[in-house]
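Enquirer: This is the structure, below, for whatever I ask next.
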Amino acid sequence: MTEQAISFAKDFLAGGIAAAISKTAVAPIERVKLLLQVQHASKQIAADKQYKGIVDCIVRIPKEQGVLSFWRGNLANVIRYFPTQALNFAFKDKYKQIFLGGVDKRTQFWRYFAGNLASGGAAGATSLCFVYPLDFARTRLAADVGKSGSEREFRGLGDCLVKITKSDGIRGLYQGFNVSVQGIIIYRAAYFGIYDTAKGMLPDPKNTHIVVSWMIAQTVTAVAGVVSYPFDTVRRRMMMQSGRKGADIMYKGTVDCWRKILKDEGGKAFFKGAWSNVLRGMGGAFVLVLYDELKKVI
């Protein structure tokens, strides 16, 4: 293997391991966030049974669905997250070579910043093309609030993918893809761009204290998450439409979804579950720091 191939493999491994660990740890918060986002578009949750907020959701889930249901959809998320994050990190460095070749970060700060934004956004969009059906399945499984097998919409990851493909074709697994690409570019651009730029401006980036790295990563993750959150809400609402027919279809398309959420629920609805997203973001920040530490070891 060439040195470049070994470096790529190390990036893939370090990114994937870090992601799988952190995602499982924050899975309960992730499920709460998803339920708050999509409950308005769920056929299983009646208007009078909707969750009032994070605390109500955390209290009711174990009572109504069992404690283990907090991890519903987590397997799909870990499977999805391993290639997503690993590909993101690996491609990010390849895109950095394209966008940042020959750029001096000390004398060309804004050119350096723009290159980091572009490489982060391009890496996220590229990865999304490969793993979107897994992201779709994770959302639908997490939104499934049935207690037992007969009450549940899907029995698991495979059942979800098969049922939606039979009903809507492969296209059904890519519902909300366009708005996802828009959101992922905004999120990843901030996530990688600001993080790398901030680290690059430190006196000795390779030997930065882990606490400083974590603080930078935490801030970046929170800012990126809030900025791109409305796009995430719209894409997940669109995902909830797959498998529906006729009068059950709530939104004619992405633009109609934006318009109806704003008209029927108000601007605040775009940010439902956003606070739990910030809490979950601690796991995302941990991924960035853990990735850097793993690369030193591998």
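In case you wondered, yes, glycine gets a Cβ from its N, Cα and C as well.
Residues or ranges marked as N-acetylmethionine by Swiss-Prot on the basis of similarity to another entry: Met1. According to Swiss-Prot, the topological domain 'Mitochondrial intermembrane' annotation covers 1-7, 100-109, 200-210, 292-298. Residues annotated as transmembrane segment in Swiss-Prot, with similarity to another entry given as evidence: 8-37, 75-99, 110-130, 179-199, 211-231, 274-291. Annotated repeat 'Solcar 3' per Swiss-Prot: 212-297, in sequence order.
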Enquirer: The topological domain 'Mitochondrial intermembrane' (1-7): which same-chain residues, six or more beyond its ends, come within Cβ distance under 8 Å?
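Expert: Long-range Cβ neighbours of the topological domain 'Mitochondrial intermembrane' (1-7): 93.
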Enquirer: Mind checking which residues of the chain, 6+ beyond the ends of the topological domain 'Mitochondrial intermembrane' (200-210), have their Cβ under 8 Å from one of its Cβ atoms?
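Expert: Non-local partners: 105, 112, 116, 289, 293.
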Enquirer: Take the topological domain 'Mitochondrial intermembrane' (100-109) and find every residue of the same chain, 6 or more past its ends, with a Cβ under 8 Å from one of its Cβ atoms.
Expert: 115-116, 119, 197, 200-201
Enquirer: By DSSP, what is the split of the topological domain 'Mitochondrial intermembrane' (1-7) into helix, strand and coil residues?
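Expert: Reading the DSSP string over the topological domain 'Mitochondrial intermembrane' (1-7) gives 5 helix, 0 strand, 2 coil.
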